[in-house]
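Shown next, in structure tokens, is the structure this report addresses.
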Amino acid sequence: MSIRNVPKVVIDNLQRSFERQINRLPTEYLRQFFRIKVGDDVQAIETAPTHRGLQNRKLKRAKQTLRMLENANNACPTSWNRMLDIAYGRKGKMKWELLDPLMVDPTAPLPERIIPAVEKSRPPSYTPELAALLTSSISRTAKALTPKSLQVPPSLPERADPNSEQAKLLGPFSKRREVNIHKRFFKEETAKILPPLQISALSDLTASGEESATTSHIRGTGLEATGLLEEVKAISGDPWKHPTPTLRGRQSASESPNTPSGELALPTHTTLPRRFLRRRFQQLLSRLPIVTHKPSMKTQSNAAEKKSGRFFVTRSAGALLSDRRNSVSHYPTASAADVAWYELAESEKKSPKGKKNTALQDIDKQKSEG
């Protein structure tokens, strides 16, 4: 039974519907990203063979993307989170494009073969960037791994060690199975990584005091010069600052040309509420790990010494976690007044019963004089 081609009018209507929804997206990057993605999807539909319904399946997937954009433009939080995950490489094709430069280190020595006569039996090697991402809970969708598990996968039985009791009782473990376990563990665990948008160096500071990722001895993801992370931070703003300024604040902002960067970064042509947009990008920041290279304390005289050091993973201060299990108490930084009240309360607890604290006596004295 032959399956008919998708009519040209259906593809044209789909493109027009996509264009209407893309024009409603709030940022220029989102509009450019989905225009490119839709162009690739439409081309895949037109060039797909008709046998086994492959063309219809690709059309169905494109319609799912269209419904996601429609729901996102109608202020659906779930669709917005999914759209941002696709656009910023939390899932999909872009995720692996960000991870590819970090998966292999051309300068690192090859690991030894598990099967001496087979070249493909070498276990996967973990680059320092990849090891930092795997051993941090910030950059993982699952539990963080231990450094030991990168050398010996937890799924590898004890029998693989020739000096173990099981190996002596049951015989040596199959080398082919050991190779397969190493490769399967590497593939499954790297799929649980949230890749960074850029990698920065702690020692390289710009004139504004921000960290720079354009260093010759550190491999990046290729997006360091785009400023995507800075754009997300600017739209998110300070999570503890009230997003809606007062009337006097709006009047002073309209009179003075210098307004806060976070307010300028918020899109003005969208119909979505400003608070809704800030919340979505603040939650996106919690899924964008920041990988920073900290050089060693030794003298950095050559490139080999510059590469020494370690990578550590952090989360942006403006990130808003959607779950309480992995979050610390989300409260603003204590001000001087908050610290003073806290110290006053602590000293009151330590003071003997029936005796007022001196600070409280001063307050009572000022009230009585007033």
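Any Cβ shown, glycine's included, is placed from N, Cα and C.
Annotations in TrEMBL come from automatic prediction, not curation.
Pulled from TrEMBL:
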type: COMPBIAS; residues: 249-261; note: compositional bias 'Polar residues'
type: DOMAIN; residues: 16-99; note: domain 'LYR motif-containing protein Cup1-like N-terminal'
type: REGION; residues: 145-165; note: region 'Disordered'
type: REGION; residues: 236-272; note: region 'Disordered'
type: REGION; residues: 346-370; note: region 'Disordered'
So if I exclude everything within five residues of the ends of the region 'Disordered' (145-165), which remaining residues of that chain have a CB under 8 angstroms from its CBs? That is, six or more out.
126, 131, 134-135, 172-173, 178, 181-182, 184-185, 189
DSSP helix/strand/coil residue counts for the domain 'LYR motif-containing protein Cup1-like N-terminal' (16-99):
68 helix, 0 strand, 16 coil
Residue distribution over DSSP helix, strand and coil in the region 'Disordered' (145-165):
9 helix, 0 strand, 12 coil
